[in-house]
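Quick look at what Swiss-Prot lists:
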type	residues	note
BINDING	34-39, 56-60, 94-97, 230-231, 263-265	ATP binding site
BINDING	Ser38, Thr58	Mg(2+) binding site
BINDING	Phe129, Ser263, Cys264, Ala265	GTP binding site
DOMAIN	25-282	domain 'OBG-type G'
DOMAIN	303-386	domain 'TGS'
Amino acid sequence: MPPKASKKDAAPAERPILGRFSSHLKIGIVGLPNVGKSTFFNIVTKLSIPAENFPFCTIDPNEARVYVPDERFDWLCQLYKPKSEVSAYLEINDIAGLVRGAHAGEGLGNAFLSHIRAVDGIFHVLRAFEDKEVTHIDDSVDPVRDLETIGEELRLKDIEFVQNKIDDLEKSMKRSNDKQLKLEHELCEKVKAHLEDGKDVRFGDWKSADIEILNTFQLLTAKPVVYLVNMSEKDYQRKKNKFLPKIHAWVQEHGGETIIPFSCAFERLLADMPPDEAAKYCAENQIASVIPKIIKTGFAAIHLIYFFTAGPDEVKCWQIRRQTKAPQAAGTIHTDFERGFICAEVMKFDDLKELGSESAVKAAGKYRQEGKTYVVQDADIIFFKFNVSGGGKK
């Protein structure tokens, strides 16, 4: 029997995360018109998982599911040589272009903002290339201005939402002395002041109890952002762009989230080539696609991780939200696993790779038995034991 993990081995408790607690999270592509959103989405769509891999899901034309590349998964497949290989995926939604005044319904404003509310994170595409053939909605290329336009629209929509919430709470407080109503009202006032000060919700210093309430609101500025700076192929190849320093300075002043420079023109060219020709082109020009990096960064940004189940029949990534405990992780495989959870037998990927086999991991005392309070970590390799009424153990 594997040793039980001691309390000192447990990961330190984390503050709750802003956002939905689900293993089915998605990221949306956001930006002004003509910045490269749809081109980026079309490139990603070429890499998307065939619909038949999800027989019980209808994938909308503006949605794509793409494999998350991972050398650890590849290594496990080489080790076990399974009959079936199932990697993790990222769901990406293409969202219509925003225009100034969207919060008040301009353009496709209300639909646009409701689509952002439905996703869990944002790929914010910025135009950092000049092209007379591609018009800009504001008649000039200025990525920092574009950043401020979208930031303001999202904050204004959040202010509108929070003000409506305040109004509703005040009506309810007249009819009830419920302390929870008062707490929510105080929080809403703080959030409104925070937004009116030009700050996004995700950068607020919120208590755990605040976050639990905020997560019921699905505020637009609570969602994590990855900035994708779309430049010309020439600028991308020479790794130099006149707009990039100003973009970097702005992002550092506004939360310091991840910036990934890329080129839709280059990625589209590469996507249209046969794989061997694309590899040769990249080698000759000392350049590489950043689409894999974008996918992995987006996956992590919305707080998704995955654990592995591994054996000769199947190696599979089971994606879960960070901070998920073992019984809930087991439930992603089957509800019976969660309902009748006994324990999780856990190997760390690094231990398996270092030692070379499950038997060696067990011999080294690194094959652990974890209970209901164990928080699953990224790349854990897990075998669940469960027992349900009328059933047996797995």
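Positions of Cβ are set from backbone N, Cα and C atoms, glycine also.
Mapped onto this structure are the features recorded in Swiss-Prot.
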| residue | record | Cβ contacts under 8 Å, 6 or more apart |
| --- | --- | --- |
| Asn34 | ATP binding site | Gly97, Arg127, Val134, Thr135, His136, Ile137 |
| Lys37 | ATP binding site | Ile29, Val30, Gly31, Asp94, Ile95, Gly97, Val125 |
| Ser38 | Mg(2+) binding site | Asp94 |
| Phe129 | GTP binding site | Val141, Asn230, Met231, Ser232, Asp235, Ser263, Ala265 |
| Cys264 | ATP binding site | Gly36, Thr39, Phe40, Ile43, Asn230 |
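Under the three-state DSSP scheme, Cys264 (ATP binding site) falls in the helix class. Taken residue by residue, the domain 'TGS' (303-386) breaks down under DSSP into 24 helix, 35 strand, 25 coil. Model confidence over the domain 'OBG-type G' (25-282) is summarised by a mean pLDDT of 90. Cβ neighbour density within 10 Å is lowest for Ala265 among the binding-site residues Ile95, Ala265. The Cβ centroid of Phe129, Ser263, Cys264, Ala265 marks the GTP site; residues of that chain outside this set whose Cβ lies within 8 Å of it are Gly36, Thr39, Asn230, Met231, Ser232, Glu233, Tyr236, Phe262, Phe266, Glu267, Arg268, given in sequence order.
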